[in-house]
Amino acid sequence: MERGDLRRERYRCVTGEKGRMTSLPEINWSGSLIVASLTGAFGSSFLYGYNLSVVNAPAVYIKKFYNETWERRYGFSVDESTLTLLWSITVSIFAIGGLVGAIIVTPIVKFFGRKCTLLLNNVFAVAAALLMSLSLLVGSFEMLILGRIIMGVDAGISLSALPMYLSEISPKEIRGSLGQVTAIFICVGVFTGQVLGLPEIFGQESRWPYLFGAIIVPSLIQVVILPFLPESPRYLLLEKHNTSKAEKAFQTFLGKDDVSHEVEEVLAESRVQRNTKLVSILQLLRTRAVRWQVITVVVTMGCYQLCGLNAIWYYTNNIFSEAGINHETIPYVTLSTGAVETVAAVFSGLVIERLGRRPLLIGGFGLMVVFFAVLTVSLTLQKTVHWLPYLSIFCILAIIASFCIGPGGIPFVLTGEFFQQSQRPAAFMIAGTVNWLSNFAVGLLFPFIQGGLQTYCFLVFAAICFAGAAYLFFVLPETKNKTFQEISQAFAKRNKVSLEMQEINHYPGERKSSAEQESTFTSSVNNGETKKGIV
C-alpha cells in the first residue's frame with residue numbers, strides 16, 4: 001500500500017467511512033503544549049489584564065501628578081471636569097490602541113506567523129513600559145497617555161494572535177480548555193496589578209511608576225522562551241505549504257512520533273477549502289455561509305465588553321467608596337475581586353470540555369443580570385441599612401465570578417472555532433474591532449453614566465447581559481469537541497445554505513476536479529511536502 005493510501009486508511013479507521021469519530025484518540029498534554037500556552041499567555045493576555053487594573057490603585061496619585069504638571073505649565077490648577085476628562089482619556093485610550101492592534105494584526109500574522117507575531121509584539125510592550133514609567137521623572141503626563149496607547153496596540157495584537165495560535169496548536173478535544181488559558185491569564189494579570197498596587201508595594205505616590213515598569217518582565221520572559229517552540233502547524237501546512245516543518249511541530253506539541261492522522265486531517269480540510277487564500281473582511285461580511293457566525297461573534301464580543309466588567313476594573317475603588325467602604329480598606333477589598341476572578345476562570349477551564357460553551361455563556365450572562373439587579377437595590381438603599389454595603393461587595397464578587405465562568409474567555413474560543421483557516425484572521429479582526437470599540441466606550445463613558453444615573457447605572461449593564469443571553473439561547477449551537485466542518489454544518493440551516501453550497505461560498509475561485517485534487521494530494525504526501533497546487 002502506498003504511503004498516501006496508508007495515511008488515508010488510518011484516517012478512515014479513526015473517523016469511520018462517513019468521517020465521523022468512532023473513538024477519540026488519546027490526548028496528551030505534552031510539555032511543549034503546556035509551555036507554549038503558558039509562555040504565550042504570560043507575555044500577552046496577562047499584560048492585557050494587568051493594564052486593565054494597574055491604573056486603579058494609583059489613580060489619586062496620577063491625578064495629582066496631572067494637576068501639578070498642569071499648574072507648573074500654565075500657572076493655575078486644572079478644573080475638576082477637565083481633570084475627569086483627562087483621567088477618562090488615560091483609562092480609555094488603551095482601547096484605541098487595542099483597536100489599532102486588532103486592525104493591523106491580520107497582515108502581521110499572515111506574513112510573520114502566529115508565534116513570531118507574539119514575539120515581535122513585545123517591542124510595543126517594552127516601549128510602552130519605558131514611556132509610562134519615566135513620565136513622572138520627565139514631568140510629562142502625555143508620555144503616560146502615549147504609553148497607554150502603545151500598550152493598547154500590544155494588547156490588540158496579542159488578543160487576536162494568541163487565541164489564533166492556541167486554537168491551531170491544540171487538538172480539538174482540549175481546544176476549549178487550552179483556549180481558556182487566555183482568560184485565566186487575563187484574570188491573573190488583573191490580580192497581579194491589584195497586588196502590586198497595594199500601599200505596601202508600589203501603591204505609593206513615589207512608587208507608582210514602577211507599576212508600569214513591571215510590564216517589561218513578562219515580555220522578556222516570553223522573548224527568552226517562545227523562540228524555542230514551534231510555529232503553528234496549521235499555519236505551516238496550510239499557508240506556508242511546508243509539510244515537514246508542520247509534522248515536526250505536531251510531533252513537538254502532541255508528544256508523539258506518528259502524526260500522520262493530524263496531518264491528514266488538516267490536509268483534508270485544505271481539500272475541502274480548495275484554496276487557502278486569506279479572505280478579506282469585506283469578503284467575509286459578504287459570505288452568506290458565515291453570516292450568523294459573524295453576527296454571533298459581534299454580539300458575543302460586544303456583550304463581553306459592554307456587560308460592565310471593565311467598568312468595575314477601571315473604577316473599582318470609586319465604586320467601593322460609593323458603597324460606603326472605608327478608604328483604607330478598599331485596596332484589600334479590591335484584591336478579593338482579582339482572586340475571585342482567577343478562581344472562577346480556572347474553574348471554567350476545568351469544566352468547559354464537560355459542560356460545553358453554550359451553557360457556560362448563557363448561564364454566566366444570566367447570573368450577571370440577577371446580581372446587577374441586586375447590586376442596584378443594595379446601592380440605592382445602603383444608607384438605610386448598615387449591612388447593605390457588604391451585600392454590594394458580595395454582588396460585585398458574584399458578578400465577577402459569573403463573568404469569568406463563561407463570558408470571560410469563551411468569546412475568544414468561539415472566534416477560533418467558527419471559521420476556517422483562510423477566514424480566521426479576518427474574523428479575529430472583526431472581533432477585535434468590536435471588542436476594543438466597546439472597551440473604549442465603557443472606559444470613557446462610565447464615569448459620566450455613573451454621574452447621571454447614580455446607583456441605577458448598573459441596570460444598563462444588566463439589560464445588555466439579558467439581551468446577550470437571550471440571543472445566545474436562540475442562536476448559538478454547541479461547539480464542544482466538534483471539527484470546524486461540523487460547526488459550519490450546525491450553522492448551515494440558519495444561514496439558509498446547504499453544506500455543499502456553504503463550502504462553495506466559503507472558498508470561491510478556481511477549483512480542480514476531485515480527481516485532480518486527489519492525484520495532487522497523493523503526490524504531495526508521497527513527496528513529503530505540500531505543493532501550492534493542492535490548495
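Here the Cβ of each residue, glycine as well, is placed from N, Cα and C on the backbone.
TrEMBL does not curate its annotations; it predicts them automatically.
Database features, via TrEMBL:
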TRANSMEM  27-48  transmembrane segment
DOMAIN    37-480  domain 'Major facilitator superfamily (MFS) profile'
TRANSMEM  85-106  transmembrane segment
TRANSMEM  118-139  transmembrane segment
TRANSMEM  145-166  transmembrane segment
TRANSMEM  178-196  transmembrane segment
TRANSMEM  208-229  transmembrane segment
TRANSMEM  294-315  transmembrane segment
TRANSMEM  330-352  transmembrane segment
TRANSMEM  359-381  transmembrane segment
TRANSMEM  387-414  transmembrane segment
TRANSMEM  426-447  transmembrane segment
TRANSMEM  453-476  transmembrane segment
REGION    508-535  region 'Disordered'
COMPBIAS  516-528  compositional bias 'Polar residues'
Remote residues contacting the transmembrane segment (27-48) - C-beta distance under 8 A, at least 6 residues beyond either end: 115, 118, 121-122, 125, 151, 154-155, 158-159, 161-162, 165-166, 169-171, 173-174, 178, 181-186, 188-189, 192, 215, 218-219, 221-223, 225-226, 229-230, 252-256
Intrachain neighbours beyond the transmembrane segment (387-414), with Cβ under 8 angstroms and 6 or more residues off its ends: 159, 163, 167, 175-176, 179-180, 182-184, 186-187, 296-297, 300-301, 303-304, 307-309, 312, 319-320, 323-325, 333, 336-337, 340-345, 347-349, 352, 357, 359-365, 367-368, 371-372, 374-375, 378-379, 381, 431, 468, 479
Whether the transmembrane segment (426-447) meets the transmembrane segment (85-106): three or more C-beta pairs under 8 angstroms: yes
Overall pLDDT for the domain 'Major facilitator superfamily (MFS) profile' (37-480), taken as the rounded mean: 86
Per Cβ pairs under 8 Å, the stretch of 85-106, 118-139, 145-166, 359-381, 453-476 packing most closely against the transmembrane segment (208-229): 118-139
Recorded stretch that, among 85-106, 118-139, 453-476, has the most CB pairs under 8 Å to the transmembrane segment (145-166): 85-106
Candidate ranges 85-106, 118-139, 453-476 - greatest C-beta contact count to the transmembrane segment (359-381) (under 8 angstroms): 453-476
Tertiary contacts of the transmembrane segment (85-106) (same chain, 6+ residues out, Cβ under 8 Å): 51, 55, 59, 62-63, 66, 78, 117, 124, 141, 144-145, 148-161, 278, 314, 425-426, 428-429, 431-433, 435-437, 439-440, 442-444, 447
